[in-house]
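S.K.: Would you mind keeping the following structure in view while I ask a few things?
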(Lines of atoms letter the chains of each structure in order from A and count residues from 1; the text may use other names and numbers.)
(Lines give C-alpha, C1' and ligand atoms only; values in the text may rest on other atoms or scores of the structure.)
Protein backbone atom coordinates (compact mmCIF):
# COMPACT_ATOMS: atom_id res chain seq x y z
CA UNK A 1 0.00 0.00 0.00
CA UNK A 2 1.45 3.30 -1.06
CA UNK A 3 2.02 5.79 1.68
CA UNK A 4 1.01 9.40 1.07
CA UNK A 5 3.65 12.08 1.66
CA UNK A 6 3.50 13.62 5.09
CA UNK A 7 4.73 16.77 6.77
CA UNK A 8 8.19 15.34 7.36
CA UNK A 9 8.71 14.76 3.65
CA UNK A 10 7.88 18.38 2.85
CA UNK A 11 10.32 19.60 5.47
CA UNK A 12 13.07 17.40 4.04
CA UNK A 13 12.52 18.79 0.55
CA UNK A 14 12.66 22.39 1.72
CA UNK A 15 15.83 21.72 3.70
CA UNK A 16 17.51 20.18 0.66
CA UNK A 17 16.47 23.13 -1.55
CA UNK A 18 17.77 25.73 0.89
CA UNK A 19 21.07 23.91 1.32
CA UNK A 20 21.53 23.93 -2.45
CA UNK A 21 20.96 27.68 -2.62
CA UNK A 22 23.45 28.39 0.16
CA UNK A 23 26.11 26.12 -1.28
CA UNK A 24 25.75 23.54 1.47
CA UNK A 25 24.91 19.93 1.28
CA UNK A 26 24.98 17.13 3.67
CA UNK A 27 28.36 15.49 3.90
CA UNK A 28 30.32 18.56 2.38
CA UNK A 29 32.07 21.36 4.37
CA UNK A 30 31.31 25.04 3.69
CA UNK A 31 33.76 27.46 1.99
CA UNK A 32 34.44 29.16 5.27
CA UNK A 33 35.24 25.82 6.78
CA UNK A 34 37.65 25.11 3.92
CA UNK A 35 39.42 28.46 4.38
CA UNK A 36 39.57 27.89 8.06
CA UNK A 37 41.02 24.47 7.50
CA UNK A 38 43.64 25.84 5.00
CA UNK A 39 44.67 28.57 7.41
CA UNK A 40 45.03 26.00 10.11
CA UNK A 41 47.14 23.83 7.83
CA UNK A 42 49.39 26.80 6.90
CA UNK A 43 49.82 27.73 10.52
CA UNK A 44 50.64 24.20 11.52
CA UNK A 45 53.16 23.85 8.67
CA UNK A 46 54.93 27.10 9.58
CA UNK A 47 54.95 26.24 13.26
CA UNK A 48 56.38 22.84 12.49
CA UNK A 49 59.04 24.35 10.19
CA UNK A 50 60.19 26.81 12.82
CA UNK A 51 60.01 24.31 15.66
CA UNK A 52 63.62 23.83 16.71
CA UNK A 53 64.92 25.87 13.74
CA UNK A 54 68.11 27.84 14.44
CA UNK A 55 68.54 30.70 11.97
CA UNK A 56 72.09 31.25 13.19
CA UNK A 57 73.29 28.12 11.38
CA UNK A 58 73.64 27.88 7.63
CA UNK A 59 72.04 24.99 5.73
CA UNK A 60 74.21 21.89 5.44
CA UNK A 61 76.53 22.93 8.22
CA UNK A 62 79.27 20.32 8.61
CA UNK A 63 77.94 18.29 5.66
CA UNK A 64 78.08 20.32 2.47
CA UNK A 65 78.76 23.74 0.98
CA UNK A 66 75.73 25.99 0.72
CA UNK A 67 75.07 26.97 -2.90
CA UNK A 68 73.37 30.31 -3.45
CA UNK A 69 72.04 30.97 -6.95
CA UNK A 70 71.48 34.58 -7.92
CA UNK A 71 70.09 36.68 -10.74
CA UNK A 72 69.35 40.38 -11.12
CA UNK A 73 66.56 42.31 -12.82
CA UNK A 74 67.51 45.95 -13.35
CA UNK A 75 64.52 48.27 -13.24
CA UNK A 76 66.49 51.53 -13.48
CA UNK A 77 70.09 52.25 -14.46
CA UNK A 78 71.55 55.69 -13.90
CA UNK A 79 72.50 58.39 -13.51
CA UNK A 80 76.28 58.12 -13.92
CA UNK A 81 78.56 60.69 -12.27
CA UNK A 82 81.86 61.31 -14.05
CA UNK A 83 83.09 63.62 -11.33
CA UNK A 84 82.56 61.09 -8.52
CA UNK A 85 83.13 58.03 -10.75
CA UNK A 86 79.99 56.27 -9.56
CA UNK A 87 76.60 55.18 -10.82
CA UNK A 88 73.18 54.41 -9.34
CA UNK A 89 71.18 51.27 -10.06
CA UNK A 90 67.75 50.06 -8.91
CA UNK A 91 67.34 46.26 -8.99
CA UNK A 92 65.31 43.27 -7.92
CA UNK A 93 67.99 41.10 -6.34
CA UNK A 94 67.04 37.41 -6.26
CA UNK A 95 68.75 34.64 -4.29
CA UNK A 96 67.85 30.97 -4.17
CA UNK A 97 69.23 28.17 -1.98
CA UNK A 98 68.14 24.89 -0.43
CA UNK A 99 67.51 24.32 3.27
CA UNK A 100 66.51 20.74 4.14
CA UNK A 101 65.22 21.91 7.50
CA UNK A 102 62.33 23.65 5.75
CA UNK A 103 60.89 20.67 3.89
CA UNK A 104 57.18 20.15 4.41
CA UNK A 105 54.23 18.01 3.34
CA UNK A 106 50.83 19.49 2.79
CA UNK A 107 48.03 20.28 0.35
CA UNK A 108 50.12 23.08 -1.22
CA UNK A 109 53.52 22.85 -2.92
CA UNK A 110 54.68 26.45 -2.36
CA UNK A 111 54.44 28.67 0.68
CA UNK A 112 54.20 32.32 -0.40
CA UNK A 113 55.40 34.53 2.43
CA UNK A 114 56.58 38.09 3.08
CA UNK A 115 59.41 39.71 5.00
CA UNK A 116 58.14 38.62 8.42
CA UNK A 117 59.10 35.02 7.76
CA UNK A 118 62.41 36.05 6.19
CA UNK A 119 63.65 37.40 9.50
CA UNK A 120 63.07 34.02 11.20
CA UNK A 121 65.14 31.84 8.88
CA UNK A 122 68.75 31.81 7.70
CA UNK A 123 69.48 34.10 4.73
CA UNK A 124 72.78 34.74 2.92
CA UNK A 125 74.86 37.67 4.21
CA UNK A 126 75.34 39.12 0.74
CA UNK A 127 76.93 42.56 0.39
CA UNK A 128 78.19 44.67 -2.51
CA UNK A 129 81.97 44.97 -2.64
CA UNK A 130 82.06 48.23 -4.62
CA UNK A 131 78.88 49.70 -3.19
CA UNK A 132 79.16 53.15 -1.65
CA UNK A 133 75.60 53.11 -0.38
CA UNK A 134 72.86 50.49 -0.58
CA UNK A 135 69.24 51.07 0.37
CA UNK A 136 66.52 48.43 0.85
CA UNK A 137 63.10 49.90 0.06
CA UNK A 138 60.68 49.83 2.99
CA UNK A 139 57.63 51.73 1.70
CA UNK A 140 54.97 50.94 2.51
CA UNK A 141 56.37 47.70 3.88
CA UNK A 142 59.80 46.16 3.35
CA UNK A 143 59.95 45.19 -0.33
CA UNK A 144 60.90 41.57 0.27
CA UNK A 145 59.48 38.33 -1.03
CA UNK A 146 59.97 34.76 0.22
CA UNK A 147 58.91 31.50 -1.42
CA UNK A 148 59.42 28.06 0.14
CA UNK A 149 58.82 24.90 -1.90
CA UNK A 150 58.05 21.53 -0.39
CA UNK A 151 61.58 20.22 -1.03
CA UNK A 152 63.11 23.04 1.05
CA UNK A 153 64.18 25.33 -1.83
CA UNK A 154 63.84 29.02 -1.02
CA UNK A 155 63.51 32.08 -3.27
CA UNK A 156 64.36 35.37 -1.58
CA UNK A 157 63.82 38.60 -3.52
CA UNK A 158 64.34 42.17 -2.39
CA UNK A 159 64.30 45.57 -4.06
CA UNK A 160 67.54 47.53 -3.67
CA UNK A 161 69.00 50.83 -4.79
CA UNK A 162 72.77 50.68 -4.97
CA UNK A 163 75.25 53.49 -5.56
CA UNK A 164 78.43 51.77 -6.70
CA UNK A 165 81.90 52.79 -7.80
CA UNK A 166 82.74 52.84 -11.49
CA UNK A 167 86.48 53.25 -12.19
CA UNK A 168 86.86 55.32 -15.34
CA UNK A 169 89.80 55.80 -17.67
CA UNK A 170 89.22 59.13 -19.37
CA UNK A 171 92.08 59.17 -21.87
CA UNK A 172 89.56 58.99 -24.76
CA UNK A 173 87.05 61.44 -23.26
CA UNK A 174 84.52 62.27 -24.69
CA UNK A 175 84.73 59.31 -27.12
CA UNK A 176 85.29 56.92 -24.22
CA UNK A 177 83.61 53.68 -23.16
CA UNK A 178 83.44 52.21 -19.67
CA UNK A 179 82.57 48.92 -17.99
CA UNK A 180 80.95 49.71 -14.65
CA UNK A 181 81.11 46.69 -12.32
CA UNK A 182 78.66 45.49 -9.70
CA UNK A 183 80.41 43.05 -7.36
CA UNK A 184 78.74 41.08 -4.59
CA UNK A 185 79.41 38.07 -2.40
CA UNK A 186 79.27 36.72 1.13
CA UNK A 187 80.67 38.88 3.88
CA UNK A 188 81.43 36.19 6.49
CA UNK A 189 81.43 32.81 4.73
CA UNK A 190 84.44 31.69 2.71
CA UNK A 191 84.13 29.58 -0.41
CA UNK A 192 84.54 26.46 1.76
CA UNK A 193 81.15 27.29 3.31
CA UNK A 194 79.10 29.35 0.84
CA UNK A 195 79.50 29.62 -2.93
CA UNK A 196 77.54 31.73 -5.40
CA UNK A 197 76.37 30.74 -8.87
CA UNK A 198 74.26 32.34 -11.56
CA UNK A 199 70.72 30.98 -11.76
CA UNK A 200 70.56 30.98 -15.55
CA UNK A 201 73.01 31.16 -18.40
CA UNK A 202 75.16 34.33 -18.46
CA UNK A 203 73.03 36.08 -21.08
CA UNK A 204 69.90 35.84 -18.90
CA UNK A 205 71.32 36.13 -15.40
CA UNK A 206 71.26 39.93 -15.50
CA UNK A 207 68.41 41.58 -17.39
CA UNK A 208 67.80 45.30 -17.86
CA UNK A 209 64.26 46.55 -18.41
CA UNK A 210 63.63 48.04 -21.83
CA UNK A 211 62.69 51.38 -20.32
CA UNK A 212 65.21 51.11 -17.50
CA UNK A 213 67.90 53.41 -18.85
CA UNK A 214 68.16 56.77 -17.06
CA UNK A 215 71.21 58.01 -18.93
CA UNK A 216 71.62 61.38 -20.64
CA UNK A 217 75.26 61.20 -21.68
CA UNK A 218 75.67 57.46 -22.22
CA UNK A 219 74.32 54.56 -24.23
CA UNK A 220 73.98 51.25 -22.37
CA UNK A 221 75.49 48.75 -24.81
CA UNK A 222 74.87 45.65 -22.73
CA UNK A 223 76.09 43.70 -19.75
CA UNK A 224 78.28 40.68 -19.07
CA UNK A 225 78.62 38.48 -16.00
CA UNK A 226 81.56 36.74 -14.41
CA UNK A 227 82.66 35.14 -11.17
CA UNK A 228 85.96 34.98 -9.37
CA UNK A 229 87.82 34.37 -6.15
CA UNK A 230 89.17 37.15 -3.96
CA UNK A 231 91.90 36.42 -1.42
CA UNK A 232 91.84 38.32 1.86
CA UNK A 233 93.41 37.95 5.29
CA UNK A 234 90.44 35.86 6.49
CA UNK A 235 90.29 33.45 3.56
CA UNK A 236 89.09 33.10 -0.02
CA UNK A 237 85.69 34.43 -0.98
CA UNK A 238 83.54 33.98 -4.07
CA UNK A 239 82.75 37.26 -5.84
CA UNK A 240 80.08 37.58 -8.51
CA UNK A 241 80.61 40.42 -10.97
CA UNK A 242 78.37 42.12 -13.51
CA UNK A 243 79.80 44.66 -15.95
CA UNK A 244 77.50 47.26 -17.48
CA UNK A 245 79.08 48.56 -20.68
CA UNK A 246 78.58 52.25 -21.42
CA UNK A 247 79.46 54.38 -24.46
CA UNK A 248 79.43 58.14 -24.07
CA UNK A 249 77.27 60.30 -26.33
CA UNK A 250 79.42 62.94 -28.01
CA UNK A 251 76.67 65.30 -29.21
CA UNK A 252 76.67 67.51 -26.12
CA UNK A 253 80.44 68.04 -26.25
CA UNK A 254 80.42 68.78 -29.99
CA UNK A 255 78.00 71.63 -29.42
CA UNK A 256 79.53 72.95 -26.21
CA UNK A 257 83.27 72.59 -26.88
CA UNK A 258 84.37 71.29 -30.27
CA UNK A 259 82.40 73.65 -32.52
CA UNK A 260 83.33 76.78 -30.50
CA UNK A 261 87.01 75.77 -30.65
CA UNK A 262 86.87 75.22 -34.41
CA UNK A 263 85.09 78.53 -35.01
CA UNK A 264 87.62 80.35 -32.82
CA UNK A 265 90.52 78.94 -34.83
CA UNK A 266 88.85 79.95 -38.10
CA UNK A 267 88.22 83.44 -36.71
CA UNK A 268 91.88 83.80 -35.78
CA UNK A 269 92.87 83.03 -39.37
CA UNK A 270 90.70 85.84 -40.75
CA UNK A 271 93.42 88.27 -39.67
CA UNK A 272 95.71 86.90 -42.40
CA UNK A 273 93.46 88.60 -44.96
CA UNK A 274 93.62 92.02 -43.33
CA UNK A 275 96.09 94.70 -44.37
CA UNK A 276 99.24 94.43 -42.32
CA UNK A 277 99.01 98.13 -41.49
CA UNK A 278 95.70 97.41 -39.68
CA UNK A 279 97.43 96.93 -36.37
CA UNK A 280 94.41 97.54 -34.07
CA UNK A 281 92.13 95.16 -35.96
CA UNK A 282 94.65 92.33 -36.13
CA UNK A 283 95.60 92.80 -32.50
CA UNK A 284 91.97 92.54 -31.43
CA UNK A 285 91.58 89.34 -33.46
CA UNK A 286 94.61 87.75 -31.86
CA UNK A 287 94.01 88.72 -28.24
CA UNK A 288 90.27 87.96 -28.34
CA UNK A 289 90.71 84.49 -29.80
CA UNK A 290 93.44 83.61 -27.30
CA UNK A 291 91.22 84.65 -24.39
CA UNK A 292 88.29 82.73 -25.86
CA UNK A 293 90.34 79.54 -26.09
CA UNK A 294 91.46 80.00 -22.50
CA UNK A 295 87.84 80.26 -21.34
CA UNK A 296 86.81 77.19 -23.33
CA UNK A 297 89.65 75.10 -21.92
CA UNK A 298 88.70 76.02 -18.35
CA UNK A 299 84.98 75.32 -18.79
CA UNK A 300 85.63 71.96 -20.47
CA UNK A 301 87.39 70.69 -17.35
CA UNK A 302 84.71 71.65 -14.85
CA UNK A 303 82.63 68.47 -15.30
CA UNK A 304 85.58 66.10 -15.06
CA UNK A 305 87.53 64.82 -12.08
CA UNK A 306 91.00 66.22 -11.63
CA UNK A 307 92.93 63.46 -13.37
CA UNK A 308 96.69 63.68 -13.86
CA UNK A 309 96.63 62.84 -17.57
CA UNK A 310 95.36 64.59 -20.68
CA UNK A 311 92.10 63.53 -22.28
CA UNK A 312 91.26 63.52 -25.98
CA UNK A 313 89.41 66.80 -25.53
CA UNK A 314 92.42 68.32 -23.79
CA UNK A 315 94.60 67.46 -26.78
CA UNK A 316 92.09 69.00 -29.18
CA UNK A 317 91.84 72.20 -27.15
CA UNK A 318 95.64 72.37 -26.82
CA UNK A 319 96.14 72.11 -30.58
CA UNK A 320 93.44 74.73 -31.22
CA UNK A 321 95.11 76.98 -28.67
CA UNK A 322 98.43 76.50 -30.48
CA UNK A 323 96.84 77.53 -33.80
CA UNK A 324 95.29 80.64 -32.26
CA UNK A 325 98.48 81.64 -30.50
CA UNK A 326 100.52 81.01 -33.65
CA UNK A 327 98.23 83.37 -35.57
CA UNK A 328 99.00 86.10 -33.04
CA UNK A 329 102.74 85.44 -33.28
CA UNK A 330 102.49 85.49 -37.07
CA UNK A 331 101.00 88.98 -36.98
CA UNK A 332 103.71 90.17 -34.61
CA UNK A 333 106.33 88.90 -37.06
CA UNK A 334 104.68 90.62 -40.02
CA UNK A 335 104.27 93.85 -38.09
CA UNK A 336 107.92 93.81 -37.05
CA UNK A 337 109.09 93.84 -40.66
CA UNK A 338 106.43 96.36 -41.69
CA UNK A 339 107.90 99.00 -39.34
CA UNK A 340 111.27 98.88 -41.11
CA UNK A 341 112.22 101.33 -43.87
CA UNK A 342 111.55 99.04 -46.77
CA UNK A 343 108.73 96.70 -47.52
CA UNK A 344 109.15 93.16 -48.77
CA UNK A 345 109.05 94.40 -52.39
CA UNK A 346 112.09 96.59 -51.82
CA UNK A 347 110.24 99.88 -52.27
CA UNK A 348 110.69 102.62 -49.76
CA UNK A 349 107.87 102.93 -47.29
CA UNK A 350 108.54 106.63 -46.55
CA UNK A 351 107.96 108.81 -49.65
CA UNK A 352 110.92 110.95 -50.77
CA UNK A 353 110.63 114.68 -50.20
CA UNK A 354 111.00 116.87 -53.32
CA UNK A 355 114.24 118.87 -53.54
CA UNK A 356 113.98 122.62 -53.07
CA UNK A 357 115.10 124.68 -56.11
CA UNK A 358 116.18 128.24 -55.62
CA UNK A 359 114.19 130.57 -57.76
CA UNK A 360 115.81 133.90 -58.78
CA UNK A 361 112.41 135.42 -59.25
CA UNK A 362 110.67 137.37 -56.53
CA UNK A 363 107.06 136.74 -55.93
CA UNK A 364 105.03 139.88 -55.62
CA UNK A 365 101.31 140.10 -55.85
CA UNK A 366 101.19 136.66 -57.49
CA UNK A 367 103.63 137.89 -60.17
CA UNK A 368 107.21 137.03 -60.64
CA UNK A 369 109.84 139.60 -61.67
CA UNK A 370 113.59 139.48 -61.95
CA UNK A 371 115.63 141.42 -59.44
CA UNK A 372 116.11 145.00 -60.57
CA UNK A 373 119.37 146.87 -59.91
CA UNK A 374 119.31 150.64 -59.78
CA UNK A 375 122.29 152.67 -60.52
CA UNK A 376 122.37 156.34 -59.56
CA UNK A 377 123.79 158.43 -62.35
CA UNK A 378 126.70 160.61 -61.47
CA UNK A 379 125.60 163.82 -63.11
CA UNK A 380 128.20 165.81 -61.38
CA UNK A 381 130.93 164.45 -63.52
CA UNK A 382 128.86 165.27 -66.50
CA UNK A 383 129.37 161.99 -68.14
CA UNK A 384 126.57 161.56 -70.69
CA UNK A 385 127.09 157.81 -70.88
CA UNK A 386 126.13 157.18 -67.30
CA UNK A 387 122.67 158.57 -67.80
CA UNK A 388 122.18 156.16 -70.60
CA UNK A 389 123.28 153.22 -68.40
CA UNK A 390 120.94 154.21 -65.60
CA UNK A 391 118.06 154.41 -67.92
CA UNK A 392 118.68 151.09 -69.52
CA UNK A 393 119.37 149.29 -66.21
CA UNK A 394 115.94 150.04 -64.84
CA UNK A 395 113.48 147.44 -66.15
CA UNK A 396 109.87 147.57 -65.29
CA UNK A 397 108.53 144.27 -63.87
CA UNK A 398 106.51 142.16 -66.22
CA UNK A 399 103.55 140.10 -65.09
CA UNK A 400 104.52 136.41 -65.04
CA UNK A 401 102.06 133.54 -65.05
CA UNK A 402 102.06 131.46 -61.83
CA UNK A 403 104.27 128.44 -62.09
CA UNK A 404 102.47 125.07 -61.93
CA UNK A 405 103.13 122.94 -58.82
CA UNK A 406 105.43 120.01 -59.32
CA UNK A 407 103.61 116.62 -59.34
CA UNK A 408 103.41 114.92 -55.97
CA UNK A 409 105.66 111.95 -55.62
CA UNK A 410 103.91 108.58 -56.15
CA UNK A 411 103.01 107.02 -52.83
CA UNK A 412 104.45 103.60 -52.16
CA UNK A 413 102.27 101.14 -50.14
CA UNK A 414 103.40 97.90 -48.49
CA UNK A 415 102.51 94.92 -50.58
CA UNK A 416 100.89 91.79 -49.06
CA UNK A 417 103.40 90.12 -46.82
CA UNK A 418 104.85 86.84 -48.00
CA UNK A 419 104.26 85.49 -44.50
CA UNK A 420 100.56 86.34 -44.76
CA UNK A 421 100.33 84.71 -48.17
CA UNK A 422 101.92 81.55 -46.84
CA UNK A 423 99.78 81.54 -43.69
CA UNK A 424 96.55 81.83 -45.69
CA UNK A 425 97.29 78.40 -47.14
CA UNK A 426 99.34 76.66 -44.47
CA UNK A 427 97.18 77.34 -41.41
CA UNK A 428 93.82 76.09 -42.83
CA UNK A 429 95.55 73.12 -44.47
CA UNK A 430 97.31 72.01 -41.30
CA UNK A 431 94.17 72.50 -39.20
CA UNK A 432 92.12 70.45 -41.65
CA UNK A 433 94.67 67.62 -41.60
CA UNK A 434 94.68 67.65 -37.81
CA UNK A 435 90.87 67.36 -37.67
CA UNK A 436 90.88 64.54 -40.20
CA UNK A 437 93.42 62.52 -38.23
CA UNK A 438 91.83 63.32 -34.86
CA UNK A 439 88.28 62.30 -35.71
CA UNK A 440 89.30 59.29 -37.76
CA UNK A 441 91.40 57.99 -34.86
CA UNK A 442 88.89 58.37 -32.05
CA UNK A 443 85.60 57.68 -33.82
CA UNK A 444 86.79 54.41 -35.34
CA UNK A 445 87.93 52.93 -32.04
CA UNK A 446 85.90 49.96 -30.88
CA UNK A 447 84.73 50.18 -27.26
CA UNK A 448 86.17 47.71 -24.77
CA UNK A 449 83.20 45.44 -24.09
CA UNK A 450 84.84 43.18 -21.53
CA UNK A 451 86.55 44.37 -18.41
CA UNK A 452 88.87 41.89 -16.70
CA UNK A 453 87.92 40.41 -13.35
CA UNK A 454 90.77 39.25 -11.14
CA UNK A 455 90.90 35.54 -10.45
CA UNK A 456 93.09 34.05 -7.81
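Using the three backbone atoms N, Cα and C, a Cβ is placed for every residue, glycine included.
What Swiss-Prot shows for this protein is this:
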type: BINDING; residues: 94, 157; note: 4-aminobutanoate binding site
type: DISULFID; residues: 166-180; note: disulfide bond
type: CARBOHYD; residues: 38; note: N-linked glycosylation site
type: CARBOHYD; residues: 138; note: N-linked glycosylation site
type: SIGNAL; residues: 1-27; note: signal peptide
type: TOPO_DOM; residues: 28-253; note: topological domain 'Extracellular'
type: TOPO_DOM; residues: 275-279; note: topological domain 'Cytoplasmic'
type: TOPO_DOM; residues: 302-311; note: topological domain 'Extracellular'
type: TOPO_DOM; residues: 334-421; note: topological domain 'Cytoplasmic'
type: TOPO_DOM; residues: 442-456; note: topological domain 'Extracellular'
type: TRANSMEM; residues: 254-274; note: transmembrane segment
type: TRANSMEM; residues: 280-301; note: transmembrane segment
type: TRANSMEM; residues: 312-333; note: transmembrane segment
type: TRANSMEM; residues: 422-441; note: transmembrane segment
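Let's see these features in context: how buried, what's close, how far.
M.R.: Residues near residue 157 (4-aminobutanoate binding site) in space but far in sequence (CB under 8 A, at least 6 apart, same chain), listed by position: 92, 93, 94, 95, 144, 145, 146.
For residue 180 (disulfide bond), other Cβ atoms within 10 Å of its Cβ number 25.
Annotation note: residue 138 (N-linked glycosylation site) sits in a coil segment as assigned by DSSP.
When averaged over the topological domain 'Extracellular' (28-253), pLDDT in the model lands at 91.
Nonlocal intrachain contacts for the topological domain 'Cytoplasmic' (275-279), taken as residues 6+ away from its ends with a CB within less than 8 angstroms of a stretch CB, comprise 331, 334-335, 338, 414, 416-417, 420.
If you look at the transmembrane segment (254-274), the same-chain residues 6 or more away from its ends with a CB under 8 A from one of its CBs are 281-282, 285-286, 289, 292-293, 296, 299-300, 313, 316-317, 320, 323-324, 327-328, 330-331, 420, 423-424, 427-428, 431, 435.
Within the chain, the transmembrane segment (312-333) has long-range Cβ neighbours (under 8 A, six or more residues past its boundaries) at 171-176, 253, 257-258, 261-262, 264-265, 268-269, 271-272, 276, 282-283, 285-287, 289-290, 292-294, 296-297, 300-301, 419-420, 423, 427, 430-431, 434, 438, 442.
Here the transmembrane segment (422-441) has long-range neighbours at 262, 265, 269, 272-273, 315-316, 319, 323, 326-327, 330, meaning same-chain residues at least 6 beyond its ends whose C-beta is under 8 angstroms from one of its own.
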S.K.: By a Cβ-Cβ criterion of under 8 Å, what residues six or more beyond either terminus of the transmembrane segment (280-301) are in contact with it?
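M.R.: Non-local partners: 256-257, 260-261, 264-265, 267-268, 270-271, 274, 313-314, 317-318, 320-321, 324-325, 327-328, 331, 335.
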S.K.: Any idea what the Cα distance is from residue 166 (disulfide bond) over to residue 138 (N-linked glycosylation site), rounded to a whole Å?
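M.R.: With distance taken Cα to Cα, residue 138 (N-linked glycosylation site) is 27 Å from residue 166 (disulfide bond).
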S.K.: Counting only residues 6+ away from its ends, which parts of the chain sit with a Cβ under 8 Å from the topological domain 'Extracellular' (302-311)?
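M.R.: That would be 82-85, 170-174, 318.
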S.K.: What whole-number Å value do you get for the CA-CA distance of residue 138 (N-linked glycosylation site) and residue 180 (disulfide bond)?
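M.R.: A Cα-Cα distance of 27 Å.
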S.K.: Per DSSP, to which secondary structure element type does residue 166 (disulfide bond) belong, with helix, strand and coil as the options?
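M.R.: Residue 166 (disulfide bond) sits in coil per DSSP, no helix or strand.
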S.K.: If you run through the topological domain 'Extracellular' (302-311) with DSSP, how many residues end up as helix, strand and coil?
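M.R.: Secondary-structure breakdown of the topological domain 'Extracellular' (302-311): 0 helix, 0 strand, 10 coil.
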